[in-house]
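Peer 1: Right, I'll just put the structure down here and ask away after.
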Amino acid sequence: MSEMTPREIVHELDRHIIGQDKAKRAVAIALRNRWRRMQLPEELRVEVTPKNILMIGPTGVGKTEIARRLAKLANAPFIKVEATKFTEVGYVGKEVETIIRDLTDVAVKMTHQQAMSKVQFRAEELAEDRILDILLPPARDQWGQNEENDTDSSTRQSFRKKLREGKLDDKEIEMDIAAPQMGVEIMAPPGMEDMTNQLQGMFQNLAGNTSKKRKMKIKDAIKAATEEEAAKLVNQEELKEQAIFSVENNGIVFLDEIDKICKRGDSSGPDVSREGVQRDLLPLVEGSTVSTKHGMVKTDHILFVASGAFQMSKPSDLIPELQGRLPIRVELEALTSHDFKRILTEPKASLTEQYKALMATESVNIDFSEDGINKIADAAWQVNERTENIGARRLHTVMERLMEELSFDATDRSDELLIIDEAYVNERLDELVENEDLSRFIL
């Protein structure tokens, strides 16, 4: 779990996301509170519940990007789901409990990788011993016991040194390797994923763990043997317990597009993918126990971060019980022309840097002048104002249109230096930006 301070988290988010300081502060505090809670005594820790967050803001202002970056910083089980993918229990489709099951799968995978990295050094030593036993079979006495003398030991150490230096990598040997488990693909209708997983596990268990002799290069043999030895050193039952503990105490669920499951005033009758989903989410957010293939998972201390544009609805259209379970509200601001300029230049992997790198692969060097960047930002902002406001995503459309000709001709323009300035941008975008009808269909 991440031990970064709120200031460090915000600083890290600033490297990738422009503006939206309120939202960054809210998620930074929420993430730090996860760590603070784990420092409390057991009896008090149980009482401290997470303060779930609702992020409200127009499309393309950074809600989903904050979630993506948070997942990398959290170092905790994290899953991002679209609220629109679920239906009410009893109807065809995915039910909301699959969120927790998927989160548990993520935690098991994370815990497994961490455990494997801890035993990596020991596993490599055991793998080397297996390879050396094949290269230098130990001498046996008359009773079949292994004999070891000083000469054998020094020869073994000499071979071990060569093995580590990679001098034997291309030599071929034959060794026993666990046969890969047969993957059984079962097609099932939506909502039947649990049954599918159980059947797949049953078929894999029937196959059993078999090994077979394979001829391979020593370089590949060491890799395969290391994975096998590491798996033997890891206790799978302990892993599952650690993963469930991690989900229950550090798990984070990001619910995107929550505004799309608000009940609209003009609709009548049951709405199984809207209000029904909200009702099903209530016990998860409030705290309940979900059955997974790894064990029972309590959701009392899982942090939920919901987000939505709320263009066709408003937060008060959510059912009151769900509103109460999302106590922290953060409003994200619409992006201005100045924000667009910063988005094009400040982030670590900004759009301009991406296009420079892509063109450099064709030996075409491009550079963006300051007035060129200003013009691109203005063009994107103007199109947003005149047509639909899709936020920073408009920059992708404008940039792709601007670079289309160069991308097509790049192979014929090797070793050329091209400055993209205001005149270059005007030549390619002016007509589209000024003509509202063209903007609607092309940008």
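Cβ atoms are placed via backbone N, Cα and C, with glycine included.
Heads up, here are the entries from Swiss-Prot:
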- I18, G60, V61, G62, K63, T64, E65, D256, E321, R393: ATP binding site (BINDING)
- 141-165: region 'Disordered' (REGION)
Peer 1: For V61 (ATP binding site), which DSSP three-state class applies?
Peer 2: coil
Peer 1: Given the binding-site residues E65, E321, which one is most crowded in terms of C-beta atoms within 10 angstroms?
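Peer 2: Answer by Cβ density within 10 Å: E65.
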Peer 1: Please list residues from the chain of K63 (ATP binding site) whose Cβ is under 8 angstroms from its Cβ, counting only those at least six apart in sequence.
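Peer 2: A23, M55, G57, D256, S307, L332 - these are the non-local Cβ neighbours of K63 (ATP binding site), listed in sequence order.
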Peer 1: DSSP secondary structure for E321 (ATP binding site), reduced to helix/strand/coil, please.
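Peer 2: Assignment for E321 (ATP binding site) reads helix.
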Peer 1: Rounded to a whole number, what is the top Cα to Cα distance in Å among the residues the record ties to ATP, namely I18, G60, V61, G62, K63, T64, E65, D256, E321, R393?
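Peer 2: 33 Å is the greatest Cα spacing among the residues binding ATP.
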Peer 1: Helix, strand or coil by DSSP: which one applies to I18 (ATP binding site)?
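Peer 2: Going by the DSSP assignment, I18 (ATP binding site) belongs to neither helix nor strand, so it counts as coil.
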Peer 1: Cβ neighbours within 10 Å, counted over all protein chains: which one of the binding-site residues I18, V61 has the most?
Peer 2: V61
